[in-house]
Amino acid sequence: MQSDELQIPPWESLAEGLGFSNADEEYWWTVFGQPLNKLMDWADYSTSEKYRVLAFIHRYVIPTCGPRPKPNGDQYWDTFMGFDHTPIQVSINFYNSKATVRTGNIPISEASGTTEDPINQKASLDTIASQRHLVPGHNLRLFKHFTDAFFIPNEEANILNAELENRTIAMQAVQCMLSYDFPYRQIQTKVAICPMWKSMQVKRPMGDLMISSIKDLGIDAADYMKSLKVIEDFINSEKAVQSGAYAIFFAFDTMLTDDYQRTRVKIYFATQSTAFNNMVDIFTLGGRLDGPEMQRATKELRKLWMSTMAIPDGLRDDETLPKSPLPCAGVIFNFEIWPGADKPNPKIYLPCAYYGKDDLDIADGMDSFFKDQGWSKSFHSYKDNYIKAFVKDGKVMCRHHDISFSYKGQGAYITAYYKPELSEYADPSVWAPKLFKA
């Protein structure tokens, strides 16, 4: 009896002990808690850390996932966080001989899409407010500043929403996404805001709005200005026009261990161009980021690009990949600004969901890349761990959505982002027959 109890994974044990307020939470726990548990197994988290992370997800994230999908599989609130509107993701970061688990989700409620909350803003406000007491450093000054700048009163939002005929744009216009990093005994919360609705309302470019909102912090923005100027110069450059790069959203930390003025600010760009030369142009902000470290970074980026993307034989660096039919296919970048830094740190998100190889071939490519980096921890055996975590009876349960790359110090900084295949996780009686009854 005791040995059977020891085999119960933390996600299942917590569900038995804590239960759920409704069937929607039960559904989201099944499709979110389980792959997260598997990812923590991969990252060698201790049992106590698994319970800590999962308890946080159970209390603060699962209730914000909103109603479960409709019987036909459609999401209650369509959003392009993932290509099929899945509003959750799990991820694992590899850097400096460590593996760190992360999550991301777009808070949703029953009011989302109604006249009470037409563009889905309320759930994010409620979620951040509920977490305020978790750590002394959870200062909401920046959150209030940016939501005041970009969240829109319901009366005005209802008018904007009614006037917008292109619903693809509406799904891209994510007002707020929350993500969480879980290093040892810590929780780091990041908020991402897309000012697309505000841009449509005031008829100003999103990049202009983002830069202005950061400058509007006044004295609190002083330490960001050097790096911000580099990004602003690129936004207004011919290189940005040629590469099709445009600012799409920005992010900042809220849950800090020290003063809010030490937060990072990240500005994200997107492009639909997939030529490798174009990737390098944007990654270097049109050559504004240079030097020996950047040369090493672009060399390693090429290796990862070749290892994971479905590149036709003979494709030149100045040629684009065959176009994806998916409406939001493209490449994302972010530029991380630290207070006092002269230049931002670049990151690129390789679009596996749109232009990547098959998942197991991506896993092979990641193995090759990791070996080339000299990484040899147990969690660096990428394909073996990926199969153990996310392949069951020959079916892929979590697909690669993106793989991000940046370069810090002397090494690559890699994060793999996964989209749970909800239809594979959705039958609780199959996945946890002892817990959920058919």
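Quick reminder: no glycine exception, Cβ is built from N, Cα and C everywhere.
In Swiss-Prot this protein carries:
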| type | residues | note |
| --- | --- | --- |
| BINDING | Phe80, Met81 | L-tryptophan binding site |
| BINDING | Arg102, Lys190, Arg264, Lys266, Tyr268, Tyr349, Tyr418 | substrate binding site |
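Lys190 (substrate binding site) carries a strand DSSP state (E or B). In three-state terms derived from DSSP, Tyr418 (substrate binding site) belongs to an extended strand segment. Arg102 (substrate binding site) and Met81 (L-tryptophan binding site) are 15 Å apart (CA-CA, integer value). Binding of substrate is attributed in the record to Arg102, Lys190, Arg264, Lys266, Tyr268, Tyr349, Tyr418, and the widest Cα separation among these residues amounts to 24 Å. Of all the binding-site residues listed (Phe80, Tyr268, Tyr349, Tyr418), Tyr418 sits in the most crowded Cβ setting, with the most other Cβ atoms within 10 Å. DSSP assigns Lys266 (substrate binding site) to a strand in the three-state reduction. In the set Arg102, Arg264, Lys266, Tyr349, Tyr418, none of the binding-site residues has a C-alpha within 10 Å of the C-alpha of Phe80 (L-tryptophan binding site).
Arg102 (substrate binding site) counts 21 other C-beta atoms within 10 Å of its own C-beta, drawing on all protein chains shown. Note: Lys190 (substrate binding site) has non-local neighbours Leu178, Ser179, Tyr180, Asp181, Ala251, Phe252, Asp253, Thr254, i.e. same-chain residues 6+ apart with C-beta under 8 A of its own C-beta.
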